[in-house]
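As recorded in TrEMBL, the features of this protein are as follows:
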type	residues	note
DOMAIN	C:8-416	domain 'TRAP C4-dicarboxylate transport system permease DctM subunit'
TRANSMEM	C:47-66	transmembrane segment
TRANSMEM	C:138-161	transmembrane segment
TRANSMEM	C:167-193	transmembrane segment
TRANSMEM	C:214-234	transmembrane segment
TRANSMEM	C:240-256	transmembrane segment
TRANSMEM	C:277-295	transmembrane segment
TRANSMEM	C:315-343	transmembrane segment
TRANSMEM	C:355-380	transmembrane segment
TRANSMEM	C:400-424	transmembrane segment
Amino acid sequence: IKDRNIRVSNGVNADHPVGDGVKAMTQCVTDKSGGKIKLTAFWGGALGGDLQATQALRSGTQEMVITSTSPLVGIAPALGVFDLPFLFANEKEADAVLDGEFGKHVSDMLPNYGLVNLAYWENGFRNLTNSKVPVEKWEDLNGMKVRVMQNNIFLDTFKNMGANATPMAFGEVFAALETKAIDAQENPFVTIDTSKFYEVQNYLSVTRHAYTPFMVLFSKPIWDTYSPEEQTILSECAVVGRDAQRKASRELSEKSLAKLKEAGMKVNELSPDEQNRMREKAQVVYEKHAGSIGADVVKRIQDALAEVRKN
Amino acid sequence: MQGLIDRTFRLLEVLLVGLLVCMVVMVFGNVVLRYGFNSGITVSEELSRYFFVWLTFIGAVVTFRERAHLGVETLVGIFPRAGQLISMILSDLIILLCCVVFFWGTWKQYPINATMTAPVTGLPLSYVFGIGFFTAGGIGLITLARILRALTGRITEDEIRLFAGHGTSEIREHAE
Amino acid sequence: MTIVVFLASLLGSMAIGTPVAFALIFCGIVLMTYMGIFNTQIVAQNMIMGADTFTLLAIPFFLLAGELMNTGGLSKRIIDFAVSCVGHIRGGLGIVAVIAAVIMASLSGSAAADTAALAAVLIPMMRDAGYNVPRAAGLMASGGIIAPVIPPSIAFIIFGVAANVSIIQLFMGGIVPGLMMAIALLITWNILVRREKVAVLPRQPAAARLRATARAGWALVMPLIVLGGIRFGVFTPTEAAVVAAVYALFVGMVIYRELKPRDLYGVLLRAAKTTSVVLFLVASALVSAWLITSANIPAEIGELIQPLIDRPKLLLFVIMLLVLVVGTALDLAPTILILSPVLMPIIKQAGIDPVYFGILFVMNTCIGLITPPVGIVLNVVSGVSRVPLGQVIGGVAPFLLAQVAVLFLLVMFPELVLVPLSWLR
Ligand code: NA
Ligand code: NA
């Protein structure tokens, strides 16, 4: 074990549940390496956006990034599978699929792109907020100006529901919602809370339309210079971090939801029937993007889900 | 030779104007589409960004040739001529180093960008990042030629005066 | 120690005349070598990725709008309008200059262009009327630097991108401080001009006034489109910028008919070249910014000034003094780009509102445009008005003091920025 300083880039701020995960992982790495391996975390995109940081990993100029899968679709198209709408129904399904064979299958593709995935953490289920009406059925989205990430699957998901999907940088979303340049945005509860979107949005609809995992990525060129012992420490500790991160994420998600209600947001759940209607309506998106994601990947995850749901 | 170089730069200027006009048309067009027809082209956001990158990095070479990049000449301005010449050579060596690193980095990075596509247009990012070859190469060659002229004593007094901050470029003023 | 390496390589290369953009790349190369992580891809990647931001597209569009306005005769009509309103009162041409500066500030984002336009029209008039010309030139320069504080503002866009702060909020927050700068100038001017013997222009008849207002009306509508459009969510800042450019093109070509198709190429080319100068600088700054962050320099400084972090007002005071000093030697964009990555983590740690800080920071760097020895606006006004630089510096001094006073007033009373900002929110 050598002295290592590992720079960990995070697009989110330190108060995000990823902070808890990084803390647990850092502690674990320090313990196991006798203080020789050091993790230095950078928050709020201080070392560049997630995509830029990931490119830095691929070229070996930076060690680690913890990023959601969505921005990386341009690098590894198969990751688009996690953007498909209404994929996982709940956290249990997500954990089983990601920590199971399918998750490993996806991780195994990444070394081709110069990346090593140490573990799946989570950003959680995404939900819709808007300033106009409680969204109870997909028709309510008709004509609504929704900010989405710049990602074709998200764009199509919302266009398909009749919304006016507008890609926009995250930093401008608050002001755009405030000035009513856009009506709606979609994010996990925690983000809605920490970004104070409740100040400028009235309605929160628990659509759970997407579950974005985070990946704990390591630079392959740098990884290859590490000893097997060092690699094992990092892999094991990423999993220790994962458990802490998911726990924190789920607890905080509950807390955030309560806080959003308290702040006066009108929260509505979708009826199971409507959930199914939306899922069916979204099938077009599956078909349209199966080609770019890889038909076998889409089939594989659907099989994995069927397996999980059987038990 | 000089005539050919001048013509090339005039052509580059036409290219710059073309890129800027396209950016205006794409971004303004999207505003019109959004309010006039309640629709928009997502491609135009991405493409206008890429045009912008090309504009910046092609223009960087054109403006470098005109010494329009911002700098601080207060100190070199009061140097004697020999001091100004030495500073000029040193500073050109620094610029050359920057260009070598930029070019080399673009080269090493090329495969990584070539295998990555833009989210909307699907364009390989090497189209965008490849501009580093042009900028680093262009500025590098201009600088190299200048160093050679300086070392062989063929540099003009006007060039030295310009380096020492006498007679600033109009573009430079607009940049503030 | 890393700080010393950073400063020595940056300042050293700049001192021998290396353009700031290359000095920044060079200091990045030195830093990564010092840290033992030399990798050429760090330079290539950060440069291009940095420029690839949609928000930054507002810069070429606002630059283009400014160029089109000056060529298309909008600036001239704004000054005519101000003359018809207040030209006849004592010291009126100075008041005209300040009013015109504010209106032009709400149309364009660059200080030097506004100053040049103001000085070109007003200095000859003021010379004929018997004003103290160096003082008049000083007023033009200090009026011109309001341009980046009142939106639209290229400086706010650069800061917003470099520091990850909302540009819309910066724009909205800049209005009141910009107006305060103008009021400070008017007060100073009135005190100074009392002792001057100057001719006043004849009062214009109501019809002439109305005509001047109507002709300037097309120009006066533009801030409403840009600011109103952003405020009420019709446009993003980038879209507002492109709308401003198209509007200025329309008014200059169709309404005023001063912009000829054959002028258009030159205007576009100037805007394109200016864009690349500014953006190449931004791109280079992102290389050094990445390494500054990577080397944890802000944390290093944060430890040094830990006692100040618990006293935000004092910290802000010290930072503003530092920026003033840096501003004497360095112009606006480089100052913002070099200092933002170093200062922002400290500002956040001290709990200072980043929008409030950004407004003060940009205002301070604008003041740097009129502080000797390096102040591009001083050079511009000296060139246009044909007053030697030394005399311009003398003329600008009282106004400079007034604007520094406004700056520190805002440090003392953050409410002056934050309260109006909360109305606009
Ligand atoms: Na302005
Ligand atoms: Na200055």
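Cβ coordinates are placed from backbone N, Cα and C, and glycine is handled just like the others.
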The transmembrane segment (C:277-295) versus listed stretches C:47-66, C:138-161, C:167-193, C:214-234, C:355-380: most Cβ pairs under 8 Å: C:47-66
Contacting positions for the transmembrane segment (C:315-343) when only residues 6+ beyond its ends and CB under 8 Å are counted: 10, 20, 24, 111, 148, 154-155, 158-159, 162-163, 278, 281-282, 285, 288-289, 292-293, 297-298, 301, 305, 308-309, 350, 352, 357, 360-362, 364-369, 371-376, 404, 407-408, 411
Ranked first among C:138-161, C:214-234, C:400-424 for CB pairs under 8 angstroms with the transmembrane segment (C:47-66): C:138-161
Interface check, the transmembrane segment (C:355-380) with the transmembrane segment (C:214-234), three or more C-beta pairs under 8 A: no
Intrachain residues whose Cβ lies under 8 Å of the transmembrane segment (C:400-424), provided they are six or more past its termini: 138, 142, 145, 169, 172-173, 175-177, 180-181, 184-185, 187-188, 231, 313, 316-317, 320, 324, 353, 355-356, 359-360, 363-364, 367, 370-371
Folded-back contacts onto the transmembrane segment (C:240-256), same chain, C-beta under 8 angstroms, at least six residues removed: 57-59, 61-62, 64-65, 68-69, 71-74, 77, 107, 152, 218-219, 222, 225-226, 229-230
